[in-house]
Amino acid sequence: MARNGNPQFPDERSTATRAKATEPEELDDRFSDLEPEEDSPFLRSQKRVPVRRGPLPSKKAANRVKIALIVLGVLVVIGGVWMALSAYGEHSWRFRLESSDSIEVGGNEHMSRGEITRVFGGDISRNIFAVPLDERKKQVEELPWVESATVMRILPDRIRVQVTERKPVAFAQIGSRVQLIDAHGVLMEMPFSTTNKYSFPVISGMHENEPLSTRSARMKIYQELVKELDASGEHNSKSLSEVDVSDPDDVKVTVEDADGAVLVHLGSQNFADRFHLYVTHLKEWRSQYQHLDSVDLRYDRQVILNPDSHPSAAKPTAPAVAPAVEKPAVAKPAVAKPTAHTSGRRH
């Protein structure tokens with residue numbers, strides 16, 4: 001037999017043998033340490049791992065969630081019902097505007113019913129929900145006599161129009177025509193039929209093509225004149241047959257009585273005081289002039305009689321009324337008709 005060339009000593013062999021014998025024992029001891037010793041009274045208890053838990057919803061919060069869900073469900077149901085009703089209303093024949101008889105009109109005293117229903121001519125045989133109420137309202141308010149209007153649907157197949165008409169305050173001479181005019185300068189044709197009998201002065205000095213803003217400014221002058229003349233309660237404005245507002249700096253009024261018509265220049269202020277001066281001295285002036293056509297009261301210290309007449313027909317004013325004696329040719333003439341006004345009668 002071949003021998004190992006490396007010699008082994010007795011101690012080395014015994015050491016190797018003991019090492020092999022102890023290896024399984026050491027492994028067994030290691031695994032045995034992993035097993036819990038249930039019977040050991042000194043066994044340390046295992047540490048519990050903390051578990052984080054969120055707060056549970058309270059009973060009130062749960063009730064709120066339920067209520068919110070119920071409300072949401074009710075809203076969904078209502079929305080569905082509304083959509084169904086809307087679809088039915090938009091397509092059902094029951095909501096059709098059959099004729100102009102289905103249009104109710106109220107508040108029209110000076111306008112005919114047909115003037116208003118003509119605005120809805122294109123809506124006949126249409127569904128009332130397809131009628132643009134706001135647009136029709138604007139169209140109705142564009143009618144001269146209408147100041148404001150309301151348009152509403154009346155289920156199932158009617159429309160109601162309620163109008164508020166303008167209130168005329170005077171007649172306006174526009175070219176060869178005489179129309180009614182309100183406080184804002186809006187011109188209106190004579191009503192087709194009315195039980196009201198108007199007694200207004202005629203306002204001259206307006207033109208058909210001038211903008212509404214210009215007429216509105218002229219009407220403010222007229223209203224201020226009437227307000228001052230009637231402030232004392234004597235209603236002096238009723239004695240006016242014509243008011244010329246063509247010149248804002250010289251408002252001219254025609255006063256007509258049994259002895260004739262007189263054109264009075266009132267200027268742009270102190271209308272009441274100047275008119276009172278005219279009424280107080282009218283008889284005196286007429287006693288001095290056989291034909292008193294006009295009186296100029298624009299100047300504080302003088303009164304000019306017949307300033308619109310020819311100079312040859314003028315005479316000096318009474319010294320008691322006008323200390324500074326003036327003749328019409330000397331005073332600044334005002335633009336007015338040269339003869340007495342008989343055409344501007346109260347209508």
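For all residues, glycine too, the Cβ spot is worked out from N, Cα and C.
Keep in mind the model is a prediction, meaning the values are calculated, not measured.
Look at Swiss-Prot and you will find 1-66 tagged as topological domain 'Cytoplasmic', backed by sequence analysis. According to Swiss-Prot, the region 'Disordered' annotation covers 1-55, 308-347. The compositional bias 'Basic and acidic residues' feature in Swiss-Prot is assigned to 10-33. Taken from Swiss-Prot, the feature transmembrane segment covers 67-87. The topological domain 'Periplasmic' annotation in Swiss-Prot covers 88-347. Taken from Swiss-Prot, the feature compositional bias 'Low complexity' covers 313-340.
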Distant-in-sequence neighbours of the transmembrane segment (67-87), which means Cβ under 8 A and at least six residues beyond its ends: none
Overall pLDDT of the topological domain 'Cytoplasmic' (1-66), taken as the mean: 58
